[in-house]
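First the structure, in the form of structure tokens, and then the observations on it.
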């Protein structure tokens, strides 16, 4: 028994005996709420501080752990269970309730154990748990970031104290004060904050101060209200008209943000027009000043949120809400500081309320263009602004009407906010023009009243109609126009108050000088308030009933605390940085500080699902619809993978309906549920090893659980869930289905029907491809034109010509020369086909309804041959070593060996093509071409390439990331180029010592193979490491160099080299019999360590010697008549030229092909050969494309450069 179970049993026994400590411990858990379907907390602090020594060594000390139980009704799953009236029957399956309870359990209990032990109790009352969220009072250790903040804070405080002392001491001589040294002075900054301007100037729009402060208060009220569900036991709508009106005003917080945008655009316009007029407009300073106004304060808040200090300050049962915020900042801090969150991670914004600053800054960036248009064209520019505004609002209407874009994106994206901003620019231009001529503005009171009535009635009527008219057309029209109407209303208010002096009481109130200090704090208040509210909510220990008077009380506290913390933020950061931002070094300082702090520190990781609530709501709605036999729900259920036949034959994978799931859309009748869109998830599940008894009335799925446990099987099945569900939530849902079958889901991979969004790399790839195509077309036209004009074309300009490259590819050399080893062409092509076949069978084997089991001797022999694909790579190594040896020996004889050129030529032969394929894998193209339930095969390879692209380009993957190779088959090129680097040493030895060098090569070969034997015998090195690392491949390479030396020495022999037929037959017999006997020996005794190690140490060398003898015999002894003629046929030459491109392309094509399958297939050798034939043909076609675009042109340019 586990410690948790021992302690729970001990607590139950103590409760039975009515021991005081146990009754006290039990009392910490929550009881049934007055409103049953709502949250109860229990006694959080008492629970986590509880400690009791059981006096039993096995049980140990019982320490309390507070866990939040999030249950769901089981009544729909257990219709025959007799439930109490007050129990889970009241939890309707089609609806989600915030029914959470706090329970106190020993801290030794895990989530899984709690689910197991408490499920029987919960089932009796018709409730099942979704999950437990547990907390203890264990102290959080400080991390690197925390120490950094402490040190930074200490330095900052010291600097502030020094700056303040300096400022006070120099007050007597103000002219001697260095502004840089006094920038952090509390004395000066506090004085400037509290300073009030009582002058009445036309250049100062005083009513803006009141509007800015009231908007900030409006935002605070709304954000407090949005978090109500986390600290209220029950939400009751206000019954009186006063409460209803206040509540509706608070809900319209979007208007407060519109006020901010309007005020910002007016002030920006004022500033720019003044600069244009004085011809002092400096865009860099213009942008930097705005950026430094926002980012430093945001950076401080982000550092605070992702550090340990908030967790030290708050401690409550709903602290997980703060973890959600911290996790978003931990992940997306960079987009927050770059002010790009509204486009990069609009649904996961770090410090969610700061989306406004992102949008404001983006609009600020484009402002100079519009302001310059206004400055040059005057009032004529209003027509341009009006046209842009109209287009923007019409676009919003149609995009929301046709559901092209979600409303929250319309709310946050900059280009949808352009309308409000342009109204501010126009108003700012108008007010700037009349700043010195306000007396000339004369509008009759009648016209003023008409403007007030029209704008007010338009605003009010829209708000009334949106509640009365339940029509999508009007709703979308409302979304497109209401902000513009409100912005025009506020703009008219500002213009009227400032220039027309109307609105006496309201103007006096908004223009009161006391608003000025708070107006200066508006940015800091906006930044601080939501963090404070989140921390306040997360620290809740007791739930409260909603009441308007109580809410206003809490809201007043939020305002005061936000002002205090905002003042602290202003004095410590905003004001000092505003003063120092004129220095040129600040841009670099800020960027370096951001990078160093947030990239190099060790941060904690917070993981929270974002749509769990909506996911569970939609799943409950689906279950309820299914119980009602609604067609859409039955159709969705039908998309699930069904019970697979042949489980004992390891048919353990079923896909279900992939495309149908992704295309599923259903609009729920419940507005809270919304649109249900399908998401396909592959669930991997195993036996939960609980040993469920199998009775006579057993279910089929229980049999599956028994089989899974007895055979140690892993199943994979496709299910269809709402796209709002995270992978973890899908796994939990699958476990709720599988628990009665003694099965547990252990992994989940989900896919949604999402549009592909192009990244910067995608655009780079597209531009490169366009340039490449343009170069090829130009090169081809140039060559054709020069030939028609009988001019001599320059080779460098025709390197990319399709005309030349296609001719050279298809050119066949019919000459029979001893210097050309013709049989190599056939061997190279067949080895490439062999590799394609082996990789296809290997990839397909995981997606067959039965294990590979050929049913006749021919199929068995064919399969055995194709599965020994490793030998094909040995052929490539051998051919490469022979050619390298002959090339270097020729250069040594001519005294023209240039190692730099040799290495550069080899590297450039491989790398450009590899780079193009790597770029292909890292862009959108694979996902644009592939869409299937087994796409995980593709995404795994893409993830490896994202992580290890650099080792791929450097050709060192077989040592750096041997288990995570990007483009897995490219390991061969890594080994080949590394052996190529060593080759000149061995070839020089052979050239100097001649045949005596073979003794050295033999000794090295023996040492390598013996080392392979011992490392595999004692299993100190993995098989894949031996297979892929260069020092274990030297043996085959040395065989090739030796053969290359022998064949080079015989190149000038005028007659056939004479070896007796008896000796030839003996060599054929020995090499063939050694190869076959080694394979048979291994197959018979493969489970024994010695045979396995012996096989791995010898079989590749034996096969290499066999193929080497075959080449020597075919080329010099002219034996093997039929085989020699077949391998030496001239038609192999084009495919031989394509061998590198074929090798590079084939596995990517196979991976994409397998990732795109929608159903399993049954293994049949004839069908598999059909598939392989298709692979070979398609690979050749794609390799021709790679050869003509990359390999051939680069090879020509390299030859031109080297010559």
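Cβ atoms here come from the backbone N, Cα and C positions, even for glycine.
Residues annotated as domain 'Nose resistant-to-fluoxetine protein N-terminal' in TrEMBL: 612-752.
Long-range contacts of the transmembrane segment (147-169) within the same chain, counting only residues at least 6 positions beyond its ends with a Cβ under 8 Å from a Cβ of the stretch, are 177, 181-188, 303-304, 307, 309, 572, 597, 601. Here TrEMBL flags 147-169 (among others) as transmembrane segment.
Beyond the ends of the transmembrane segment (241-270), by six or more residues, the same chain brings 205, 208, 211-212, 215-216, 218-219, 221-223, 225, 356, 359-360, 363-364, 367, 371, 374, 411, 417, 420-425, 427-429, 431-432, 463, 483, 486-487, 490-491, 494, 548 to within a C-beta distance below 8 angstroms of the stretch. Here TrEMBL flags 241-270 (among others) as transmembrane segment.
Annotation source TrEMBL lists transmembrane segment at 291-314 (among others).
Annotation comment: TrEMBL describes 382-402 (among others) as transmembrane segment.
If you look up TrEMBL, you'll see 481-500 (among others) marked as transmembrane segment.
What TrEMBL lists as transmembrane segment is 521-538 (among others).
Here TrEMBL flags 550-573 (among others) as transmembrane segment. For the transmembrane segment (550-573), the residues of the chain that approach it from at least six positions outside its boundaries are 156, 160, 186, 189-190, 193, 217, 220-221, 224-225, 296-297, 300, 518, 520-521, 523-525, 527-529, 532-533, 536, 544, judged by C-beta separation under 8 angstroms.
The transmembrane segment annotation in TrEMBL covers 763-785 (among others). Below 8 angstroms of C-beta separation, residues 793, 797-804, 919-920, 923, 925, 1188-1189, 1193 of the same chain, each at least six residues beyond the ends of the transmembrane segment (763-785), sit close to that stretch.
Positions annotated as transmembrane segment by TrEMBL: 819-837 (among others).
Taken from TrEMBL, the feature transmembrane segment applies to 998-1018 (among others). Residues 986, 989-990, 1026, 1031-1032, 1034-1035, 1038-1039, 1041-1042, 1089-1090, 1092-1094, 1096-1098, 1101 of the same chain sit 6 or more residues outside the transmembrane segment (998-1018) yet have a Cβ under 8 Å from a Cβ within it.
When Cβ-Cβ distances below 8 Å are used as the criterion, the transmembrane segment (1097-1117) is approached by residues 818, 821-824, 827, 870-871, 874-875, 877-878, 882, 1005, 1009-1010, 1012-1013, 1016, 1035-1036, 1039-1040, 1043, 1046-1047, 1050, 1053, 1056-1057, 1059, 1064, 1067-1068, 1071-1072, 1074-1075, 1078-1079, 1082, 1123-1124, 1127-1128 of the same chain, each at least six residues removed from its ends. Under the heading transmembrane segment, TrEMBL lists 1097-1117 (among others).
Sequence annotations record features per position, and here TrEMBL assigns transmembrane segment to 1138-1155 (among others). Sequence-distant neighbours of the transmembrane segment (1138-1155) (same chain, 6+ residues past either end, Cβ-Cβ under 8 Å): 809, 828-829, 831-832, 835-836, 839-840, 843-844, 847, 876, 909-910, 913-914, 917, 920-921, 926, 929-930, 932, 934-938, 941, 967-970, 972, 1175, 1178-1180, 1182-1184, 1186-1187, 1191.
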Is the transmembrane segment (382-402) packed against any residues at least 6 beyond its ends, judged by a Cβ distance under 8 Å, and which are they?
370, 373-374, 410, 415-416, 418-419, 422-423, 425-426, 472-473, 476-477, 479-481, 484
With a Cβ cut-off under 8 Å, give me the same-chain residues at least six positions beyond the ends of the transmembrane segment (819-837) that come close to it.
813, 866, 869, 871-873, 875-876, 879, 882-883, 969, 1047, 1051, 1107, 1110-1111, 1114-1115, 1124, 1126-1130, 1132-1133, 1135-1136, 1139, 1142-1143, 1146, 1150, 1172, 1175-1176, 1179
